[in-house]
Amino acid sequence: MKERKKYSIKDKQENVLDAKFVSNEEPKEKIKNISFRQMFRYASGYDKFLITIGLISSTGAGILQPLNTLIFGSLTGDIIEYAISIQTNLSADQKKIAEDKFFDAIRYFAIMNSVIGVGMFIFNYLATATFNYSAMRQIFKIRSAYLKSILNQDVSWYDVNQTGDFASRMSDDLHKFEDGIGEKVPIFWSFQVVFLTSLIIALVKGWELALICLTSLPATLIIVRTVGILTTKLAKNQMEAYGAAGSIAEEALSLIRTVTAFGGQKKEVERYNKNLVLAKNNNIRRSMLSALGFGLLWLMIYSSYALAFWYGVKLVLRDRTVTNPIYTPSNMVTVFFSVMSGASNFGGASPYIEAFGISKAAASKIFSVIDHKPTINLSKENGKTLDVLKGNIQFKDVNFSYPSRKNVPILKGLSLNIKSGDTVALVGSSGCGKSTVMQLIQRLYDAESGEVILDGNNIKDYDLTWLRSQIGVVGQEPILFGTTILENIRYGKDGVTEEDIIQAAKKANAHNFIKSLPNGYNTLVGEKGAQLSGGQKQRIAIARALVRNPTLLLLDEATSALDNTSEAKVQAALDTASTECTTIIVAHRLSTIRSANKIIVLSQGVVVEEGTHEELMETKREYYRLVTAQVKSSEQFQAEKKKLVRSISATESTGSDHIIETTIEDNDDDFKENKDVSVFEILKMNAPEWPYILFAGLGSIVVGFGMPVFAVLFGSILGTLAYGDSDFVRSEANRYCLYFVLGGVVTMVSVFTQMYLLGIAGEKMTERVRSSLFKAMIYQEIGFFDKKTNGVGALCAKLSSDASNIQGATGIRVGTILQSIATFCLAIGLSMYYEWKLGLVTAAFTPVMLIAMFFEKRNTRGGNDSRDTALQKSTRTAVEAIGNIRTVASLGLEEKFQHIYESELMPHYKSSLKAVHWRAIVFGLSKSLLFFAYATAMYYGGFLIRDGLPYDRVFKVSQAQIMGTVSIANSLAFSPNFAKGITAAKKVKSFLSRIPIIRDLPSSRKMDKADGNFNFSKIEFSYSTRPNVLILKGLNLDILNGKTVAIVGESGCGKSTIIQLIERFYDPKSGEVKMDDVNLKHISLDSLRSHMGIVSQEPNLFNKTIAENIAYGDNSRKVTMEEIIQASKDANIHTFITGLPQGYDTKLGEKAVQLSGGQKQRIAIARALVRNPKVLLLDEATSALDTESEKVVQEALDQAKKGRTCITIAHRLTTIQDADLICVVENGVIAEAGSHQELLQKEGLYYKLYTQKT
């Protein structure tokens, strides 16, 4: 690979990052669009029945509503006729007849409107309840199907697809999906029925006027269609960006120790924010298009009003002289209100079209995963099973390369034979294909060509679930799940007894340390087993494999994390287990595989030699060279051992395992309990955008004023029709129509201002909330992430759902509320102005609406907390399973995790179903109260007209007040959004108010230079999840500048805890840790950690390029390519990297699963070296390397130690013999310390550890 000078990794990042979304995602298959009907594919027969009832009900509601226009039109004619009659000289009897006819019409109107009101309540209740109930049922099934599909995908799918955004998909996307199959469907359908019914009524009553009113319809359809297409496309882009951001968050939080150690918080926040900016910009463009579309739509509506009234009055005046007139005031009002009702419902459907577009986009993404057929199908039927599997394995000319690196062949015509019952060891340098062979046997992948034969049958012919049940696997990096030790071992084989589990734990030398825990086998291990040491995790993983009683046992560096005592005992147990099955071992410590029946040496993807240990040593080829290299490195060890070993009785020791207690206690005091927040609190979160909100608010108020003003103009036009002077009527009508046009222009500008500016304000706030929440998470102390409630899945779900819910209560919805308030206030004002008594009567219905809103709000918010808790818990389980898919697949736990997920999701599901009925009641009331209010207003208004009130005032008051009530009803559509938003805002405020326990203080000092002296003084320490169990018990230790200090001891004794205290991942309970005579608490965290380079036992790499991963070692500056290459050479990884087609630009994918353990470890070492640290922290830094690589890397580390303080933890005592100081930890203190020679001469603890090495 050509090296370039003055090459900045920061610049490089800009080049390699995807231009559209800032994630390291491999290209995936194109997502197919789905039809609206396909969104209901998970509807069962019962769901379809509910949907049918809902559609029938919404059709009934849609038909009933326009019938009001017939009744209202008829009443209008009667009122005008009565008004005209009382102006003429009539006899008392004639007046009585006219009055009786008038009140008969009033009573008929009141009765019919009340009947329509009852029908509207019943129909709307049924429509809303059935669709929401069905939607909840479908979403539950879709959540389950989505997880099932992901868990059943073959591992190669994971290599090229991003799964880190699972939490985002399950919360954000499914909320959008639910919108598209819930109550919005019957509401939309009802709108269409109203439109169609109104159109029929208008055409029947006066086709000429109706057609004139409909002239704007084609333009309206074009606007709606165009806006819908464009906004749907932008919605897809937004979801992609949020998905990428969710993936980044999941990765950063799951690798929080690595992020914290290398000061990568700022970089991760920036990486996350880049995708938020993309989502924000998409949504702002969407807001602009929607604002423009709706603005034009309102201009069309108001212009239609003007045209309708102008032409309608013209027709009425024309027919005044006709004997049987078609266009009477009654018919004109009927036609006009029918068209207006149809048009407003048609226009009101537009937001739902946008919502359906967004919902379809979300559904397309989810269904694309559900529908993806895995290459290696877990559920494939007719697969073979055998009564007895012998375990004969044969590879025939197998070629293989990983899907994400097709151009890099791993196996190149590999052929080998393994006989039943044999123990076969695979050896070779890192990356030669050893682990790949293991994965092909498990069918995590299939060979590209050639065959893998098992007992005479192609491995592809077997039932996959059965096949994997016959295999026990122990990997190099042990994966445990966030449950008890008992359940973790039971995951090895479903249905095993507790006695079986205990026996397996004894074989794995884990029983004693488990029993020493206060909760024994019921001890929770934490997420990824974080509460246990590496050795303890490894032993539990071995117990899990042994409890299966497997026919095939695959051991990939199974004892690499164990101390010498445990290793010897576990190795003996594995040797015993190997006699009962076919065993394949991958090991770098060649001493552990000497007794193997066959040793196969791999190089460059083929077998270069095979035989027994003795046979291969005689040939003196590749294996001989590997053994010789390892023997030479331990010659001094063996010589001294022979010299000093005496006949001593080695007693079984469990070390300090008994001090580990992992009952997770979730600290409820983490977050300050905020009082209930209100909508105004959410608006406060929008405070930085106050200029946008101010002008948008003014626009919303103007739009809100439009409807009451319309009522006044409408009443005025009707008032003119009672006059006999046609010229006067025509003149007044023209004037009022001009006002309508002017109102349309003002409304268009106001709607655009309202929607566009509130869209900007809402998106800016959403971006800020998501960013602040992620930033607050990533800067928390490590102890925060140890708690079960703060698992990666739960945090990602919170990050996505809480921000999404707050967004649902902001933006245009705030404008709708302001608009409704403005309409209601002006309506009340006008009512009081024109006739206060009638205004008070009609206003009496508003409290009923508000009371219903209150009860729904209380019910919705009361259930939100429990629902969200259940959803986060289930999401955490799903994310854990997906994140450890190789372990899940190997153990055949897909159905197990599916069941756990569904059972944890069930409380959310049941609670959601209960909330459906309250929502339906309130929605039904919001739609029906309008008609009761109409009936009351016009009935009482009749008496006022009789008593001399001008009838046009009754129309003005009733129409204005009705529109005020309608505005409140419209705002109800968003009440669930506000309830969720308020609950989410409360949680976000609580989270943001949490101050990290470990943080910089005002007095914290920056240390630009460090010598690297450390002093531990009387250190007592316990983890926050188990505060009563001391790990360190008064530990004292001095580490001098430039010296190498090795810390040894049994697994779980607290060695890694010391390193974590130096990194200040935790603070001691008492005592002080000092660097250069300064308490670590007084040094700024970035400054402290900038002087340290850490290499952990389990290397964690990011879904970035190799160059970016190495450069991550120093996030305080731009790392040049020359430095990256030099660090790689020092870590003996440069040759491997340059051999890849893309070299340093090779993307590693999620969890870097395509690399061997040794390759990952060397990249991690390069990452530590690139920052040129003053203090080097090595926690089993070479445990994953083969002998040859270990020797080279150890030499590099020895060179790197010069001039630096080095603290190293190692089980292989050969690697620490040259340490200046070796400290043996036991029972939480330094039991003995000295040089290698001094400690051997003491014949104490170190001597025992040393002499146990074989």
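Heads up, the Cβ atoms here are built off N, Cα and C, so glycines get one too.
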- Item | TrEMBL annotation of transmembrane segment - which of the ranges 333-353, 1215-1235 it falls on | 333-353
- Query: Does the transmembrane segment (920-940) make contact with the transmembrane segment (738-761) through 3 or more Cβ pairs under 8 Å, each pair 6 or more apart in sequence?
  - Reply: no
- To the transmembrane segment (814-832), which of 49-67, 105-127, 289-313, 692-718 is linked by the most Cβ pairs under 8 Å? 692-718
- Residues outside the transmembrane segment (289-313) whose C-beta sits under 8 Å from one of its C-beta atoms, at least 6 past its ends, are 209, 212-213, 215-216, 219-220, 223-224, 226-227, 230-231, 234, 327, 332, 335-336, 339-340, 343-344, 347, 350, 354, 703, 706, 710, 717, 720-721, 729-730, 733-734, 736-738, 740-741, 743-745, 747-749, 751-756, 759, 812
- Compute the average pLDDT of the predicted model within the domain 'ABC transporter' (393-629). 85
- Task: Using a Cβ cut-off of under 8 Å, list the residues of the same chain at least 6 residues beyond the transmembrane segment (185-203) that approach it.
- Result: 54-55, 57-59, 61-63, 65-67, 69-70, 124, 127-128, 130-131, 209-211, 213-214, 334-335, 338-339, 341-343, 345-346, 348-349, 352-353, 356, 973
- Is the transmembrane segment (105-127) packed against any residues at least 6 beyond its ends, judged by a Cβ distance under 8 Å, and which are they? 53-55, 57-58, 60-61, 64-65, 67-68, 71-72, 74-75, 78-79, 183, 186-187, 190, 920-921, 923-925, 927-932, 934-936, 938-939, 942
